[in-house]
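A.B. asks: The annotation transmembrane segment is assigned in Swiss-Prot to 13-33, 63-83, 266-286. The domain 'AB hydrolase-1' feature in Swiss-Prot is assigned to 71-310. Annotation comment: Swiss-Prot describes 98-103 as motif 'RVIALD'. Here Swiss-Prot flags Asn163 as N-linked glycosylation site, drawing on sequence analysis.
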Amino acid sequence: MVRRDRLRRMREWWVQVGLLAVPLLAAYLHIPPPQLSPALHSWKTSGKFFTYKGLRIFYQDSVGVVGSPEIVVLLHGFPTSSYDWYKIWEGLTLRFHRVIALDFLGFGFSDKPRPHQYSIFEQASIVESLLRHLGLQNRRINLLSHDYGDIVAQELLYRYKQNRSGRLTIKSLCLSNGGIFPETHRPLLLQKLLKDGGVLSPILTRLMNFFVFSRGLTPVFGPYTRPTESELWDMWAVIRNNDGNLVIDSLLQYINQRKKFRRRWVGALASVSIPIHFIYGPLDPINPYPEFLELYRKTLPRSTVSILDDHISHYPQLEDPMGFLNAYMGFINSF
């Protein structure tokens with residue numbers, strides 16, 4: 001009798017816990033995205049949108065030095081946005097006539113449709129569409145990319161190599177800390193869980209918060225160059241914009257695409273004759289030294305490489321903007 005009464009009280013306790021947890025969970029899942037900081041708000045309001053197949057794509061387009069014909073297009077990484085380039089933006093405008101960056105579909109201030117089959121091919125088509133929108137489809141373009149953007153650049157390079165009409169005419173390509181080789185790429189644990197989580201992935205994306213995000217991202221920065229709390233909040237605010245946290249698992253399918261299309265994308269890098277450069281933060285745990293660099297130099301012996309200081313990691317343009325900019329300008333001025 002005593003045991004039965006104890007079981008009854010335990011069941012009642014769990015019911016009460018459940019009744020309390022349901023509204024708390026509902027409130028948690030409907031927490032609004034954080035407000036944009038003044039700097040991030042300024043970045044958004046100074047940008048523009050264009051429409052690609054009914055979807056709004058955010059971009060920045062600055063006119064820089066007068067009299068120069070040079071154009072540079074910046075392709076950002078995962079899971080952030082074009083705001084990754086803000087520390088070197090002014091420096092680029094002193095060298096280029098046009099400095100252009102976009103938020104890929106599913107990133108930043110661009111639309112984040114769901115469900116949607118996000119692909120590198122679509123992102124490359126969006127870049128081409130943006131340049132047509134700006135009337136630059138027949139101009140020679142310098143590409144500067146990072147991480148996820150490196151893969152998009154590889155697809156653009158493949159299309160350029162095919163010499164098809166309507167494709168970009170690429171003058172040069174500079175990559176940085178991207179997993180262009182599947183065999184040397186080391187994704188984070190959270191990325192693995194979201195990419196291959198199946199029915200669990202949508203639950204994980206809904207439960208993701210600033211604490212989980214910041215603890216996951218901070219280790220890919222060097223020990224002396226980690227982002228401040230406010231910088232992390234800026235990154236998180238951009239991800240949460242348009243419920244971007246809910247499409248992260250879909251965006252991560254690019255890792256599988258990279259394996260499937262390795263021959264196409266690595267082959268494009270190895271076979272073109274344009275100047276190619278790589279800026280490398282050697283402390284990168286995602287593309288580790290020396291395995292990555294050895295394979296890169298073996299596969300692309302004609303490419304030049306800039307290795308930044310030993311403590312610079314996966315986000316070199318944020319961790320060492322001056323070193324990154326100097327390395328890029330050295331490359332651009334070499335041909």
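Just so it is clear, glycine is given a Cβ too, placed from its N, Cα and C backbone atoms.
Give me the lay of the land around each of these features.
C.D. replies: Listed by sequence, the residues of this chain that lie at least six past the ends of the transmembrane segment (63-83) yet keep a Cβ under 8 A from its Cβ atoms are 40, 43, 47, 92-104, 107-109, 127, 131, 136, 139-150, 152-153, 177-178, 234-235, 238-239, 244, 248, 251-252, 254, 315, 332.
Per-class residue totals from DSSP over the motif 'RVIALD' (98-103), listed helix then strand then coil: 0 helix, 5 strand, 1 coil.
DSSP assigns Asn163 (N-linked glycosylation site) to coil, not to a helix or a strand.
Remote same-chain partners of the transmembrane segment (266-286), defined as residues 6 or more beyond its termini with a Cβ less than 8 Å from a stretch Cβ, comprise 154-155, 157-158, 160-161, 170-177, 179-181, 185-188, 219-220, 222, 292-293, 296, 299-300, 302-308, 310-316, 319-320, 324, 327-328, 331, 334-335.
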